[in-house]
């Protein structure tokens, strides 16, 4: 009876067969529209675009003179130059630069640029440190010489002295067929002046291959593809309706009900979507609170910088690296962010997509996914709380910024929901919509493969539905809409780019990297266990709780073939999504830990399922539940065995952000490991005890639903960490306080960073009571200095950095500046001073010597201390060497003594009243110049004078110190000093913290010249931004290092004086030159056209 009934149920009725037979027109529409959508979508990358062309020609305006034109691609498509020999004849005897593609004094200019240089004896054409041709000057000035021709293209670089012959009588020309010899161009620079002579010409084709827009034909094809795809999906929807089971819209909106639940009236908005529970309130409040006070993700500054520049550039360029190539084919989400920048650049506004994604994920989880997992899950409050808390704890460390993992998590969940809809109701329209969702999720980033994993997990049941429907309506009416649905993403990805440009962008990224092989996937998990921000407490828990729940569920499902009221199919597909994603992640080119944020939604569903599977109703033996509790304690011990670190400024004020959390000297990890040992031991005892043992109220309470309790505890820890950070930092910068201030126009960290515009303005006047007895160092040395000299500083001591050979990119000009002054300073010192200090006004005293060592002491004269006010919160001493001091990063660091002694007025002479140990950033540059900070708030209000007391009691040559006189600096906020209009090179790490500063833009292949550079803290600058933005990798430092001189400025984080917030560097031009005028035009290019490969090689 059962088999017959089942067969009758699965056999279509005559009415349904007749309906399918009469739907011939709908089938044709689905077939034709689907094929049209598919063909047009696939053709989109090949269709022509309109390219904006740009040419750099020189001389300009008929005059000789340098011009700037820094190429965002660094090198041109081709370069030609013609120099009449008359120009050489007219040059002075000493010669000079006829032309160069960079300033001669630029950093590594000879290594990067092309020059035509005349010396007293020769005329040299050099390109990237390669001598293309060198000719004696007398030959070039002879009447036979007509002109010098230089070309540099993909075919190589060649020079030809027209009119001159080599010894064999052949034309005098030479060169190398190497495409990597194309020079970098930041302009055209020359020593020539006056009117341009006839015949002198330079021309460069700027690489603007990515500056394109669709032609009318391509635009029509895109519109046609989208319309045809929509029509095909509607036709598929009509075919789905022919089975007589109601509107597909009702089925899409109908909530998943347990199989045993009674049917009800179908409503447009299901009842479950109109309910509101305490869990909903907690989740929504948690997301909103975290949006305001929570930490941001690692690449927020990177992505915001790209989004802010995209509108001016005309495409979404990755201009921090990779030669300004576009993000395509993965990047449509960034274009949404670029549109949002038209409203505001504030963090709260820009992060709204991730907030919305998190809220929608919870709605889908609570209304669709958990009910689909079976009546046991749907009826379990602990399961809902587990999903809620795991979603929050996984979202907080990964998805509260601009990174796309939150959007991908939502896309994967929507795909899973649609696949389950398709299976439950045997409809193909939800499956087609799932294909669209998966395609757009993949179009966000390669990690969007999680949505593809959802498709693969449901592939077999979907194929069964397709086979059943194929018998009724044929194959093409069903497959064609699917093809269109899967390829319509191409109309978005290639809307303004072509197949050729996207392939070139992909080649550049793969060649430069990071681009890691599939077998290095272990690195992702290795980074997770390192005691760094990538392996911090929050990031470990966000992923490991998902992994623990996943493997626990797999084990239980394999052991128990049938679990009452748990839907095996959806449960196994959910596990398949996670396992499939772990597999697909192997093939993504990067192995960053932040990719784990894409597991947030499916991990929450997994936690809910596991909560039911380990509950007493399923695991009846307390031994098994206790074993799972022990595993949770072990997971917590592992998670807490690291720092409570958060990315960049999000960590300010957070407890234990650079150390393992402790309670009374005992690490929290140790406490949880002890609990693990107790729980594991008790589980082992239960293994040998009678089955009924261990079912007391306490054990049952602990083991009934541990997942939501543990996840809720961790969520509370994360929130408490941020709240503590705000309280400890107030009123200075913290992430949460900055977001609150944004409501009234705050500018983030720029409001709290204080800049000293003129370091020579704040020096105090020495009291001249002992002026007659001052030693040779003047008031700085006091009465009887011992061991201090005006030149007691080693060579190459620079500000806030240590010298490394060879120099890294992004270093200051001080690294390459002369090591001695041409004229001695005020006290005879020839040591260059940092921060713009004027040696003619600022004395120096140091203990460094290569000779015999001695113990050195210095007590300066008293300096008159101005009355305290809010505008002058610091006394600063610029110093170098190994100095004892305090810093946020390292706490107290030992060293030699440099303290500030303050005095009160006495009945006669001043009365010393106390000494202050400096706040010293120290960091990794203990022997560099830096500013020691002494807060006025820590001095008595009636202190009237201060003096420097310095002692170098070590006989080790490396333990030297150097000091300058104390000063009370005039400070302005960075926002006031830099403003919002001057172009700034915002390092990729800092962009979100400085939303009001104007990033340097680029358009038509030419980058804007920045006035300043803002960097993160010293370690992040050295290890992250300097190397990532290196010109070798196609980064912006390739422009600034070659064209500008950088000088670090004296800056301080308001009321957080001991913190290394980062640095502000001011750029000075090597050559004062106006921007070049470009010759712009347009050209229509096919989807396969390419001007050649971008130069990547050395």
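Heads up, the Cβ atoms here are built off N, Cα and C, so glycines get one too.
According to Swiss-Prot, the feature transmembrane segment maps to 28-50 (among others). Here the transmembrane segment (28-50) has long-range neighbours at 212-215, 217-218, 221-222, 224-229, 231-232, 235-236, 239, 476-484, 487-491, 493-499, 502, 1082-1088, meaning same-chain residues at least 6 beyond its ends whose C-beta is under 8 angstroms from one of its own.
The transmembrane segment annotation in Swiss-Prot covers 217-239 (among others).
Listed by sequence, the residues of this chain that lie at least six past the ends of the transmembrane segment (271-293) yet keep a Cβ under 8 A from its Cβ atoms are 255, 264, 348, 351, 355, 358-359, 362-363, 366-367, 371, 381, 384-385, 388, 391-392, 395-396, 400, 715, 718-719, 722-723, 726, 735-736, 739-740. Annotated transmembrane segment per Swiss-Prot: 271-293 (among others), in sequence order.
Same-chain residues lying 6 or more positions outside the transmembrane segment (402-419) and placing a CB less than 8 Å from one of its CB atoms are 296-300, 303-304, 307, 333-334, 337, 350-351, 353-354, 357-358, 360-361, 364-365, 368-369, 372, 395, 430-431, 433-434, 437-438, 440-441, 444-445, 447-448, 450-451, 453-455, 457-458, 462, 573-574, 577, 581, 594-602, 605, 992. Annotation source Swiss-Prot lists transmembrane segment at 402-419 (among others).
A Cβ distance under 8 Å defines the sequence-distant neighbours of the transmembrane segment (434-456), meaning residues of its chain 6+ beyond its ends; these are 329-333, 404-405, 407-409, 411-412, 414-416, 418-419, 422, 462, 482, 485-489, 492-493, 573, 576-581, 583-585, 587-589, 595, 598-599, 602. Here Swiss-Prot flags 434-456 (among others) as transmembrane segment, drawing on sequence analysis.
Outside the transmembrane segment (472-494) by six or more residues, the chain places 12, 16-17, 20, 23, 26-28, 30-38, 40-42, 44-45, 221-222, 225-226, 228-229, 232-233, 235-236, 239, 328-329, 332, 428, 431-433, 435-436, 438-440, 442-443, 466, 502, 1087 with a CB less than 8 A from a CB of the stretch. Under the heading transmembrane segment, Swiss-Prot lists 472-494 (among others).
According to Swiss-Prot, the feature transmembrane segment maps to 541-558 (among others). Tertiary proximity for the transmembrane segment (541-558) is limited to same-chain residues at least six positions away from its ends with a CB under 8 Å from its CB atoms, namely 390, 393-398, 528, 568, 571-572, 575, 578-579, 596-597, 599-600, 602-603, 606-607, 609-610, 613-614, 618-619, 628, 631-632, 635-636, 638-639, 707, 710-711, 714.
Residues or ranges marked as transmembrane segment by Swiss-Prot: 570-587 (among others).
Below 8 angstroms of C-beta separation, residues 297, 358, 361, 364-365, 369-370, 373-374, 376-377, 380, 382-384, 386-391, 394-395, 397-399, 403, 405-406, 408-410, 412-413, 416, 447-448, 450, 542-543, 545-546, 549-550, 552-553, 556-557, 560, 563, 566, 571, 574-575, 577-578, 581, 625, 628, 700, 703-708, 711 of the same chain, each at least six residues beyond the ends of the transmembrane segment (597-619), sit close to that stretch. The transmembrane segment annotation in Swiss-Prot covers 597-619 (among others).
The transmembrane segment annotation in Swiss-Prot covers 626-648 (among others). Residues 295-298, 397, 529-533, 535-538, 540-541, 544-545, 548, 552, 614, 619, 654-661, 667-670, 672-673, 675-676, 679-680, 682-683, 686, 694, 699, 702-703, 706-707, 710, 714, 721, 989-990, 993, 1016, 1020 of the same chain lie 6+ residues outside the transmembrane segment (626-648) yet bring a C-beta within less than 8 angstroms of a C-beta in it.
For 663-685 (among others), the entry in Swiss-Prot reads transmembrane segment, with the evidence type sequence analysis.
What Swiss-Prot lists as transmembrane segment is 698-720 (among others).
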Chain residues outside the transmembrane segment (570-587) and at least six past its termini with a C-beta under 8 angstroms from it: 369, 372-374, 412, 416, 419-420, 446-447, 449-450, 452-454, 456-458, 518-519, 521, 524, 546, 550, 553-554, 557, 595, 598-599, 602-603, 605-606, 609
Positions whose Cβ lies under 8 angstroms from the transmembrane segment (663-685), at least six residues beyond its ends: 623, 626-627, 629-630, 633-634, 636-638, 640-641, 694
Spatial neighbours of the transmembrane segment (698-720) far in sequence, C-beta under 8 Å, 6+ residues away: 286, 289-290, 293-294, 382, 385-386, 388-390, 392-393, 396-397, 537-538, 541, 545, 549, 607, 610-611, 614-616, 622, 625-626, 628-629, 632, 636, 639
